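K.L.:
Annotation comment: TrEMBL describes 78-99, 111-134, 155-182, 188-211, 218-236, 256-275, 287-313, 343-365 as transmembrane segment.
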Amino acid sequence: MAAYNEKLGGDHEVALESGSSDIPGGENFTTSSDYGTGVLASLRRFEARMDRALGVESEAIVRKTEKDKRSVPWHEELNMALIWASGTIGISCFATGFLGWEFGPSLKQSLLIYVFASILGGSVSSYCATFGAATGLRQVSVSRYSFGWYPNKIIAFLNGIEQLGWASVATISGGLALTAVADGHISLIIGVVIIALLSLAISFLGLKYILIYERYAWCIYFIVFMIIFGMVGPYADNKTPASSLGINLLGNVLSLVAIVYGSSASWATMASDYYAHYLANTLMLKVWLMTTTGIGIPIAIGMTAGATVASALNNVHAWQTAYTDPHQGLGFLIRDMLHPRGFAKFLLVLLSFSGINTNIMSLYLSAISF
């Protein structure tokens, strides 16, 4: 620990209190000479010029001191819930909702699992979120004070891989939707590339623009899922019992709980990032409650919508054929179950863009970790 404190230039708790930027990697370069003459120096100078020209965030991991913060009005505090709602409610969690049908629990059992496990996982992420305002640090920087300077590099690397993994899920799901919109005339690869490029472009802009976009995007997908509930609900199968019993059912239920819990708890590795600019006296309970609501409830809505549609496959065999056909899949199922066809394709386009919402947050934070 002494060596660690020396690496930080003294006691790290004092540094945290004073807002010192002496931690390696936290320098704020302002002139071209500050970048040195190494192999990457020219690229760093070019990056700095682009950041200034485009207004892109360039000091992502630098601690926000109280003088760098401002009082946040109540309507902006709604972002504590809304940014997570936009990033979580979408086609990815909708696709996860089908796992209950495949694992074997009944519809009622699946719905209970999706609701409570998503809220439980969201509460874990919300606890981590409370560190943001108090410390002014991003989540990956907070863990530096728990694991140490060099061990935290492993944590940061694993976090970057995790975020890229979730971005892959959202990108592939969005690509499936775009393929169905084109009636199969574009390949899944093209759809994935479109979603990935749009996500990457927006994630470059930084936290300021991400907050603006994510503040409003959620309401579109909330409406889409309400439409899905309304159109597919009458076909839902709430009578078929669980397809497995005893120890097999218990194992399947625990597996599903772990997946749903992990889906919402995985945001813990980035939760405090979106609160680093809040004043240190921001109520921790408020942060926890609003973040839990913003993560747990939207994920539960998306997954229960998926579970409802999945149960309807037992009653409408044409939908089951579309879903299980290796040449069609989720996107074609959504296209076939909604009507009229043009309206269904419009909703598919919106759902494909929901993958961008998830990717924006994942790619932005994975870049900070790396």
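The first residue you see is number 1, and the count goes up from there.
Placement of Cβ uses the backbone N, Cα and C atoms for every residue, glycine included.
Automatic, uncurated: that is what TrEMBL annotation is.
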K.L.:
Do the transmembrane segment (256-275) and the transmembrane segment (218-236) come together with 3 or more C-beta pairs under 8 Å, pairs six or more apart in sequence?
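P.N.:
Since fewer than 3 Cβ pairs under 8 Å link them, the transmembrane segment (256-275) and the transmembrane segment (218-236) do not come into contact.
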K.L.:
Name the range, of those listed as 155-182, 218-236, 287-313, that has the largest tally of Cβ pairs under 8 Å with the transmembrane segment (343-365).
P.N.:
155-182
K.L.:
At a C-beta cut-off of under 8 Å, are there same-chain residues at least 6 beyond the transmembrane segment (155-182) that contact it? List them, or none.
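P.N.:
Those are 90-92, 94-95, 140, 143, 147, 188-196, 199, 266, 269-270, 328-332, 334-335, 345, 348-349, 351-356, 358-359, 362-363, 365-367, 369-370, in sequence order.
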K.L.:
Looking at 78-99, 111-134, 188-211, 218-236, which one has the highest count of Cβ pairs under 8 angstroms to the transmembrane segment (287-313)?
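P.N.:
It is 78-99 that shares the most Cβ pairs under 8 Å with the transmembrane segment (287-313).
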K.L.:
Same-chain Cβ contacts of the transmembrane segment (111-134) under 8 Å, 6 or more residues past its ends?
P.N.:
80, 97, 100, 105, 142, 253, 256-257, 260-269, 271-276, 278-280, 282, 284, 287-289, 291-297, 299-300, 303-304, 307
K.L.:
For the transmembrane segment (218-236), find every same-chain residue at least 6 residues outside the stretch whose CB is under 8 Å from a CB in it, and list them.
P.N.:
82, 85-86, 89-90, 94, 107, 298, 301-302, 305, 308-309, 311-312, 315-316, 334, 337-339, 347, 350-351, 354, 357
